[in-house]
Every structure is written in C-alpha cells, then in structure tokens.
C-alpha cells in the first residue's frame with residue numbers, strides 16, 4: 001500500500017513538472033552557431049517584422065510553409081543573432097512563389113508547403129549552405145531536430161535574438177488524430193513532439209525544418225495553443241511526399257503532374 005502511495009506521489013510530481021515546463025520552456029536551447037547554415041528567416045517587407053523560418057535547399061530555392069505567404073517579403077540567409085550581423089549574411093527576395101495545388105490523395109492539412117525561387121543565387125559561406133532533400137521517408141520513433149526564432153513563451157510571445165534548437169520525437173499519425181479528432185482519419189502530415197510537454201515548436205517557428213536522422217523530413221506547420229502542452233504534439237508537412245513536385249519545379253516544369 002505504501003509503495004502504491006509513493007508511486008502515485010511521484011506521478012503527480014512528474015505531471016506537475018511537465019505542466020510547469022510547458023509554461024517556461026519552448027524550443028529547447030540556443031542553437032550552435034554552426035548547426036543551422038540552411039535555416040533562413042522570412043521578414044515582411046513593409047513592417048520589417050519577422051514572420052517565419054524556412055530552409056535553403058539549393059542556391060536558388062527555399063522551402064517553407066504556405067501559411068507564411070505574404071505579398072511582399074525578404075529573406076535573410078546566414079543569420080544567427082538578429083542583433084549582430086555576420087559579414088557573410090545575404091538578403092534575397094522571392095522571384096516566384098509556388099504552392100502545392102494537387103488534390104489527389106492529399107487533404108488540405110497535407111499541403112502547407114511553399115517553394116520560393118530567389119531573385120538571384122545564394123553564395124555558400126561559413127554560415128550559409130543548403131540542406132539536401134530527403135532520400136527516404138521518415139521512420140516513426142525517430143528523434144528529430146527542430147529549430148527557429150519562434151516564441152519561447154506561450155501564449156504570450158517572447159521572440160529570441162538567437163534561434164532555439166530542440167530534439168523531439170516522431171509519432172504515428174494516429175497519436176495526433178487522437179488529440180485532434182477533427183483531423184482526417186488518414187493524412188500524410190507528420191506528428192511530432194514531446195509527450196511530457198515542455199518542448200515544442202511555436203508561433204513564428206512555422207516554415208522551419210524538422211530534421212530526422214540527418215534528413216530534412218518536415219516543415220513546421222501548426223500545433224496546439226498554448227504550445228508545448230503535455231500529450232499534444234504538433235504537425236509538420238511531410239517533405240518526402242512532395243519530392244516529385246519540388247524537383248519538377250526546380251527542373252523548370254511548373255505544370256507538374258500530381259504525385260500518387
């Protein structure tokens with residue numbers, strides 16, 4: 001009887017810690033200065049407000065979330081600290097934005113993806129290098145890396161100068177469907193997070209990468225509010241299922257056939 005009571009008290013302490021963590025920590029620790037050379041920052045042209053993250057996939061293209069779209073934007077590459085500029089930082093503008101319009105076997109939740117062609121190529125440097133597209137699909141159970149300049153508190157926003165990085169877990173889609181039952185029964189979207197809470201992507205992390213086993217597998221799409229709640233993972237657009245579309249556009253075919 002005493003053992004049961006002790007275990008119950010430990011469980012209560014564990015849950016209360018997870019709930020406090022979800023209020024205090026979002027997005028993990030500051031990223032290492034050398035681990036995010038592909039991470040870009042999208043800004044509103046007129047207000048100068050930071051909007052979203054994105055991923056450089058070659059010298060001319062950036063991949064981000066479709067809901068990050070705005071009529072006029074500019075893109076910073078090679079940035080680490082918003083308040084301290086590197087000599088090799090580069091600024092580009094969208095030449096063309098591409099959106100995934102296919103409907104076959106894709107729900108509206110699966111299509112939060114935008115491919116941006118830059119107005120001129122980017123030069124690789126000490127703080128700038130592209131991240132390759134995935135060569136294989138992600139595996140449930142993988143530990144994945146997320147990063148971004150998104151808010152580190154929720155629901156109120158506190159935006160950091162330096163991007164935060166964190167490790168989260170990739171779950172079966174059924175986990176997210178159980179949390180958000182209004183989602184379609186089947187979806188291509190990825191479900192990832194930390195079930196204990198306390199670590200999560202949040203507002204303005206949108207568009208940034210989900211990197212699993214060294215491969216660019218997801219794009220930050222959306223999640224619960226407030227962020228980092230226990231047992232409430234977030235959702236990520238699955239890059240692998242859009243490979244044909246991405247590669248066809250890069251090759252110059254803008255009237256691509258929808259993938260199966």
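Including glycine, each Cβ sits where the backbone N, Cα and C put it.
Residues or ranges marked as signal peptide in Swiss-Prot: 1-18. Among the features that Swiss-Prot reports, domain 'Peptidase S1' is placed at 25-251, with the record citing sequence analysis. The annotation disulfide bond is assigned in Swiss-Prot to 31-165, 52-68, 102-258, 144-212, 176-191, 202-227. Per Swiss-Prot, active site, charge relay system is recorded for 67, 112, 206, and the stated evidence type is similarity to another entry. Annotated N-linked glycosylation site per Swiss-Prot: 81, 105, 156, 172, 253, in sequence order.
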Candidate nearest residue 112 (active site, charge relay system) in space, where candidates are the recorded positions 67, 156, 176, 212, 258 and distance is Cα-Cα:
67
Distance, residue 191 (disulfide bond) to residue 67 (active site, charge relay system) (CA atoms, angstrom):
18
Suppose we draw a 10 Å sphere around the Cβ of residue 176 (disulfide bond). How many other Cβ atoms does it contain, all chains included?
25
For residue 112 (active site, charge relay system), just count the other CB atoms lying within 10 A of its CB, please.
23
Quick one: of the recorded positions 81, 176, 191, which has its CA closest to the CA of residue 144 (disulfide bond)?
191
Per 10 Å Cβ neighbour count, which of the disulfide-bonded residues 68, 144, 165, 202 ranks highest?
202
Which listed residue (81, 105, 156, 172, 206) has most other Cβ within 10 Å, given these are recorded positions:
206
When you tally the Cβ atoms that lie within 10 Å of each candidate's Cβ, which of the disulfide-bonded residues (31, 52, 191, 212, 258) has the highest tally?
52
